[in-house]
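**Q** I have a structure I would like to understand better, so I am pasting it below and will then ask my questions one at a time.
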């Protein structure tokens, strides 16, 4: 092989050039003799180069040449070389100096120290260690300190890096490590071995190590640890966490992780703290509405209402005023309607007076809305709203607007639900309210369902409704919806009423045979 350096197109020396030739060049330039062991082999192993030998003259040592030799032998990491840090395996770093080095050896390589560079080497080593510690602190804050899937890392906590760190600081660094998933974990949470569990210290250390309590509460992993602290925490712990979260509690209520923290914290709060929460939540009514509209925010508001009901009754008027001012908006939202339902369930009619007035005055607008329709049906349920006065007031408003509601795609369900309550007094009021309009309702797609529902009730006199239908019998026999009402009236009526219906059917039988809806009646009744 030609004893010359070969240079490729990138300006790098060919890896087949011998280290011996390079060492000879170095020796010639520095007027120093090479040790015999370095001349005895054509390809030198890195271990033969990494030792401290006083035979080397510090003034003659060329770190750049030695590094280029290692790179030529493919023992240097090109990525690290670009950053100015030559790399060797971790166990070889410890042969050079006592410090740093992890499973991938992200430490610093120092040249063999001679008498000339002895103090300079110590200063450089101390500077690099300080830089390494500072880098670790910055990496932890920026969450850039990571392990790969096989446990490799920069090794900041391994070997003898902490030898020069005082015990207190060393423990402060070691208490937090980063697992293979990139999430910071506190050792004190994983095990109680060798330490006394203290909630205050744990809560304080979490905030100091991870950031503010707000950041902890919104983190997928740390929020669970914060929940554990709240669950078993003392009053001092709860106060500390509450002070850290109260400012951003509106944002936490709609956060997927912070929501659970807030709900658990509200259950542990004192009456004074609940007052502060009410102050913050109701300060901006638009924020309050957005929380109620949110699928998880509405749950937090319901938990707050429960806590107010149990431990802060003096705050009921304040929270009810806030809810009543936006009640119409809340009733029309699929999530916020449960806030209204929770108020009717927990509070008395006197406490809900203003809210009940708002809902009653806008009963028709609420009933013709899809979500409002569902809300009213749930309000009629005795189990959901035990207060009879509230239920009776809402039912009365529905009966008052029954005619218009029967003609609506959503409102007709509210009227049918009132019928299904099977309250004789309320049913009689509804039947009388719709008199002289049954023929009109029977020709409507939605109203026909209400008329059929009333005809099937056993507690009322169906003859009253059938007689009212006879006012428009000629059109009903040929109507797409009215024909179903006539069929139902036939089957639920007694014989005397059927004879009346038969008379009108036979009078219009020719027209009915020419109409597909009239034919349905004839086929169904076998006429």
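In case you wondered, yes, glycine gets a Cβ from its N, Cα and C as well.
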**Q** Under Swiss-Prot, which of the candidate ranges 22-51, 52-81 is annotated region 'Disordered'?
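**A** Based on what Swiss-Prot states, region 'Disordered' spans 22-51.
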**Q** Hey, which bits of the same chain come close to the repeat 'Pumilio 6' (397-432), Cβ under 8 Å, at least six residues off its ends?
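**A** Distal contacts: 360, 363-364, 367-370, 372-373, 376-377, 380, 441, 444, 446-447, 449-450, 453-454, 457, 459-460, 464-465.
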**Q** By DSSP, what is the split of the repeat 'Pumilio 8' (469-503) into helix, strand and coil residues?
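**A** Summed by class, the stretch gives 28 helix, 0 strand, 7 coil.
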